[in-house]
Amino acid sequence: MATAYHNLSDYDFNSVPNAENMRFGIVVSEWNNNITGPLLEGAISTLKKHGAKDKNILVQTVPGSFELTFGSAQMIKSGKVDAVIAIGCVVRGDTPHFDYVCAGTTQGIAQLNAEGDIPVIYGLITTNTMQQAEDRAGGRLGNKGDECAITAIKMLDFKEKLQKTQIF
C-alpha cells in the first residue's frame, strides 16, 4: 500500500464505498500510545466520513503489539464485527525484541486472514525511529489509521461483491 514518502492519507474519497451498514472492530496497542492514539483517531474519523455509525465501531485495547493477533481473533469470535483493524507501533531498539514482535504479529495477522472469513487489516507501524512513526501517525506522511480504515471498507465491499457474483 504505502511506498517511501507517500502520504498515507491521500486517496480519492469517491472511490471508497459507503460504510453505513458495516461493523468494524479496532484492536489497538497501548504501547507507544503517543502513536497508536492518533492512528486510532484517524481510523475512526475516516470510517465515520464514509458512513460508519458510532454504534458499529467497537474499540478494544491490548497491552502491546504482540497481543494484536489474540485481540483480533477474540473480536472475530465475538461475531460483533465484519472487519478488524489491528493498530500498533513497534520502534526498533538495541535488542532483537523488535524483530520477534514484528515477525510474530505479522505472521499472526496473516494467518487470521488466510484462515478466516473476516478481514484483519494490518495497521502495525514498524520503524527505526520514533520520528518515522510520528511521520506516519498524522505527521508529514499522513495517517496510517486513515489507510487502514479505507482498506477495511474496501475489503468488506470486495467480499460483498464476490458473494453476489454468479458464475455459470
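Here the Cβ of each residue, glycine as well, is placed from N, Cα and C on the backbone.
Taken from Swiss-Prot, the feature active site, proton donor covers HIS97, and the record attributes it to sequence analysis. Secondary structure at HIS97 (active site, proton donor), as computed by DSSP, is helix.
The secondary structure of GLU67 (5-amino-6-(D-ribitylamino)uracil binding site), as reduced to three states from DSSP, is helical. Annotation source Swiss-Prot lists 5-amino-6-(D-ribitylamino)uracil binding site at TRP31, SER65, PHE66, GLU67, CYS89, VAL90, VAL91, TYR122, citing sequence analysis.
Taking Cβ-Cβ distances under 8 Å and a sequence separation of 6 or more, THR95 ((2S)-2-hydroxy-3-oxobutyl phosphate binding site) has no neighbours in its chain. Taken from Swiss-Prot, the feature (2S)-2-hydroxy-3-oxobutyl phosphate binding site applies to ASP94, THR95, ARG136.
When the C-alpha distances from SER65 (5-amino-6-(D-ribitylamino)uracil binding site) to the recorded positions ASP94, HIS97, ARG136 are tabulated, the minimum falls on HIS97. If you compare every pair of Cα atoms in ASP94, THR95, ARG136, the residues listed for (2S)-2-hydroxy-3-oxobutyl phosphate, the longest distance is 23 angstrom.
Taking the Cα atom of each, TRP31 (5-amino-6-(D-ribitylamino)uracil binding site) and ASP94 ((2S)-2-hydroxy-3-oxobutyl phosphate binding site) are about 17 angstrom apart. The two recorded residues, PHE66 (5-amino-6-(D-ribitylamino)uracil binding site) and ARG136 ((2S)-2-hydroxy-3-oxobutyl phosphate binding site), show a Cα separation of 20 Å.
Cα separation, TYR122 (5-amino-6-(D-ribitylamino)uracil binding site) to ASP94 ((2S)-2-hydroxy-3-oxobutyl phosphate binding site), rounded: 25 Å.
Summary: among the binding-site residues (SER65, PHE66, VAL90), the fewest other C-beta atoms within 10 A of the C-beta are counted at PHE66.
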